[in-house]
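These features come from TrEMBL:
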REGION    B:1-20  region 'Disordered'
TRANSMEM  B:41-62  transmembrane segment
DOMAIN    B:43-285  domain 'ABC transmembrane type-2'
TRANSMEM  B:82-104  transmembrane segment
TRANSMEM  B:125-151  transmembrane segment
TRANSMEM  B:163-185  transmembrane segment
TRANSMEM  B:192-212  transmembrane segment
TRANSMEM  B:260-278  transmembrane segment
Amino acid sequence: MPDISGLIIINNHFSIPGSPLMPGAIYAEGLVKTFGAVRALDGVDLDVPEGTVLGLLGPNGAGKTTAVRVLTTLIRPDSGKAVVAGLDVLKQPNEVRRSIGLSGQFAAIDEYLTGRENLRMVGQLYQLSARDAKKRAGELLERFNLADAADRTAKTYSGGMRRRLDLAAALVVRPPVMFMDEPTTGLDPRNRLQLWEVIEELVAGGTTLLLTTQYLEEADRLAHDIAVVDHGKVIARGTSDQLKAQTGGERVEVVVHDRSEISAAEAILAKHSMPGTGPEGVTVEKHTRRLTVPVTGGAKLLAEVIRELDGRGIEIDDIGLRRPTLDDVFITLTGHAAEDADEQGGAEGGGATADKKQKRKDRKQKKGAVK
Amino acid sequence: MTATTTAPAAPTPAAPAGGLRQSVRDSLTVAKRNLIRMLRIPEVVVFGLFQPIMFVVLFSYVFGGSINLPGAGLDPGLYREFLMAGIFAQTVTFATAGAGAGIAEDMHKGLIDRFRSLPMARGAVLTGRTLADLVQTGLTLIVLGLVALLVGWRTHENGLKVLAGFGLLLLLGYAFTWIGALIGLTVRTPEAATSGGLIWLFPLTFISNAFVPSQNMPTVLRHFAEWNPFSATVQACRELFGNLPPNYPVPDAWPMQHPAWASLIWSIVIIAFFRTLAVRKYKSATA
């Protein structure tokens, strides 16, 4: 506790809790960053109140990583303003670096160093004394369940262990503001759950966190607020519940028995789709033979759909009514954008749809595995 | 508000030491990291020795008897002594590739991002790497010196002069690792850094006085060889080791007449120039 207050005095930048005039622990206004012809950030605004978690959600190439790189001083934006922990990112980058921890997309650890050596090195580069760095390394190895492997080279670590070591390295000085760029990408379900618990513990301790993810489930579980990013813009923000309410309605989900029955089933579902969503309202996943449609009408409507499908002789493996998930929110919000990009034939846009489907598939598989 | 989590409180980062002290401390921290790596991957050091040893043997025994050294004729013994400074100098400059590959790998693996997000001295990652390479170069020179003694190389000057010669070699090697650092930050993969760090070294080391005297080269090449930073160090070492044949005609070009000074100036200029570029590149490096 005394150490923490020391940190506050040194940095002298915390907003007074409840003060409405102070910007959040992470604040960005009109961030623009272009790489050649690609507008990676196209006017991003963010505001993360102290002690909360913002989930930055979006497909590959949406600009999530670029946003994190700007906020962590790694790249300068073309224009815009960014304040982290009360410090101007563009004017006081080194002071900002003292107050942040970054856990990037890849575990940024030295494979030929042991876990302990990695953490001691990072501690010293955070300007801790050699003694403090050593002590802190020991604590973190304990806390992240790496004590047994502490003196083995990181090369021998599993993916989950590397991730934990990377996160430990980002927490050496217990920074008040943390950035995690897709922290659980590539982890198996067990390791993901473990990492989620660590993150939750961290946030319970008062850390402000900006987290990017492609997993809606992850944002749902960890984030207080979610900002959906696509094509370098924030296209929606709110709590998970707000976003789901915005998407509205319930979903009927059908798995047909035979692939050839998909289009017939699609026609039936389209008739019942919620007004305003149009025929595009029906989402089809061919490989799983799964169709989803937003509806308003509850169980009665479900019974009607079953009757109609039955009447047309369409055999179904599974059918159900469910509340919208963040997946649905995401597709509702980004569906058009992805199509537009396709029409432009941009190199990035072209791959986006297929990419997203693949991601969705991955998510589905992960979900199944978690259960 | 900022309650601690279950773990004990984090230590407070020291107030920024800033300036030179922090630079030195951070550079040493990074150098230590690279030296530990070197110990864990000894293959790199061992294979790094094969090539110069091979050159010693090939040039001494295969070419040695056929190379007509001004002032020495076809005496293979004298050529062997003449050759050694050239091999030493070539060996130290090959550290360029190692530095480049190491830094490119750090970029590739995201380590440079981590370093750049830490409140550390901006040049320290590169300085640390080049210092570690300097240690490796030193070790390589010791082993190579022993091999050279085995095949009959001897120095004929006092110990201080010999040490000064090795000092110039180390400085040249250190200077070249800064070129490697810049290459490593510029290319995208360690493989590209290795080849990018080596290909231009071959013409540079061969169009010099390292293996054959420059006197018999075509005019353009001769001028290049005489002003080549590499030649200055080689010539300086030959003088400091006492390895020039008795009546060896020294070319009139200024660097050949004042090789120790030329070597020193060249190395310092290379360090100043490439360090500035590399550190600037590091500040905006993107993986």
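Heads up, the Cβ atoms here are built off N, Cα and C, so glycines get one too.
Same-chain residues lying 6+ beyond the ends of the transmembrane segment (B:163-185) with a Cβ under 8 Å from its Cβ atoms: 85, 88-89, 92-93, 95-104, 106-107, 126, 129-130, 133-134, 137-138, 141, 193, 196-197, 229-230, 233, 236-237, 240-241, 260, 263-264, 266-268, 270-271, 274-275, 277-278, 281-282, 285. The largest share of C-beta pairs under 8 angstroms with the transmembrane segment (B:192-212) comes from B:82-104, of the ranges B:41-62, B:82-104, B:125-151, B:260-278. Listed by sequence, the residues of this chain that lie at least six past the ends of the transmembrane segment (B:260-278) yet keep a Cβ under 8 A from its Cβ atoms are 123, 126, 164, 168, 171-172, 174-176, 178-179, 181-182, 185, 229, 232-233, 235-236, 239-240, 254.
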